[in-house]
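This report concerns only the one structure given below.
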């Protein structure tokens, strides 16, 4: 049996406020910055980062451009001037602080905290479907948080084109929790995030302490495509909402012919795809401007080996 | 028995987008502007108005100042210059279009469409607890929409200080529907609003056609006070969220000693008032900046006479 060994995760970053109106992460980061927990210092150094303080201050997703689309190799190396959007300047600062991306100096792991208006429970979102650290953390959260639906989403994008914050670390994921309106902090969602982050740090501590981890089977949702709202040909305004039968039903298999949209005049439009797929980010408010009504994923099982 | 007679409601306005990110009203107004329904022309002329098109375009509550706080006598008569906030200029335009407030030329009735992140169902919000037109419409909606919780909220403010849009009409109310995140349109909430507006217009048609209306008893919630979040003395950032036992429990009687907030460090804070009151606008995202975590109301029964 093949057994792999991986170096300990010594430098870890917990980041919130990458989107300034996703408040669970904003208040969790504020709370952590106030407390400076001691117990984490044992085997790991945890840096807590407020990613986009200007957007947080305004309680908006971003001030000029979406920070969480700025971490591509191209944007991180783009020249800056006085007219460069704040978020591009900030992404380069964060790359210096937590990276540089793709180098030995980068953080061992970045956990970036997000909320969604979609009914997605707790999702770890990563650019790899074969990162054993991330998959093991996922497995640990799933077993330790039985009351919360925990899932793993994989975006199949090469590292240089990976656009979001966690791609700056050697390992990393976004922890996405919903449903919660942006600009709102709900105690239940906050507590799930707080527990999730603590479990991530617990797992890292165990890993660094030499605990043996069993292998096993996990389910991974790999993003296949996005679907936009029906729109008026001239004005580009949307002409339908997510169908009530799909609303709040993230990760419930969508079959060809299933209701997808309900137009504002009352007509149902169905899913025209040929393959049943799993919807997620269903009716995420920040994605209207990106032309995404929902995303669709293929689910696969992934067997992995024990390690340490 | 006293029987009153009231003049017909000939000129009615249905307004949406007063807050640009409250999308049920935005899309309902767009849909109505597209269709220009004919059947309403029988006994009543209905004007459909997009109140704050700039905020709608940006999908924000407002661009410079909250439009729905600009309809006081003082603001409506304030001199304007190049530096006057857009929403103040717009409130004066709307006052010309739908008012002037307090005059015979004003609309007979204004129905202004809103959404809230709070779990409030459908509420009619009015500055009067004795406006028979509004109370009868409320009674009609309540009886015709048995699947939806329908309530009537009264803000006890004199007309000249009444700050919101519907105060420009001879009669008027905000139709507030939630929960829905701002920047999101849910088909279920949209359909409740669409049905609610149609029932309002149906009632007006019946009223104008000389239908006799029974009197009866209705419950009215009168706003007593607002409660702010616990805040850090220095930074003024909030230090707690609405307690999970209160979250989503709008209109469930809150007793002295009941949990009110859960601090981010996990401590429960209780309601310190001496009188049990009914909470509403619990965790409305737009009210964080206004220092309102929830509002509290006293409930009373109101008996009224039949009329026509």
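Just so it is clear, glycine is given a Cβ too, placed from its N, Cα and C backbone atoms.
The domain 'Succinylglutamate desuccinylase/Aspartoacylase catalytic' annotation in TrEMBL covers A:10-203. Per TrEMBL, the feature Zn(2+) binding site maps to A:19, A:22, A:114. The active site, proton donor/acceptor annotation in TrEMBL covers A:176. Per TrEMBL, the feature domain 'AstE/AspA barrel-sandwich hybrid' maps to A:217-298.
On the structure: features taken from TrEMBL.
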residue : record                             : Cβ contacts under 8 Å, 6 or more apart
A:19    : Zn(2+) binding site                : A:52, A:55, A:61, A:62, A:66, A:67, A:68, A:114, A:115, A:182, A:286
A:22    : Zn(2+) binding site                : A:16, A:61, A:113, A:114, A:115, A:180, A:182
A:176   : active site, proton donor/acceptor : A:114, A:115, A:116, A:120, A:122, A:123, A:124, A:125, A:153
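Residues in the domain 'AstE/AspA barrel-sandwich hybrid' (A:217-298) partition by DSSP class (helix H, G, I; strand E, B; coil) as 3 helix, 34 strand, 45 coil. What surrounds the Zn(2+) site, by Cβ distance within 8 Å of the Cβ centroid and not counting A:19, A:22, A:114, is the set A:16, A:17, A:18, A:21, A:25, A:61, A:68, A:113, A:115, A:116, A:176, A:182 from the same chain. DSSP gives residue A:22 (Zn(2+) binding site) a coil state; it is part of no helix or strand. Its own atom aside, the Cβ of residue A:114 (Zn(2+) binding site) has 25 Cβ atoms within 10 angstroms in the protein chains shown. In the three-state DSSP assignment, the secondary structure recorded for residue A:114 (Zn(2+) binding site) is strand.
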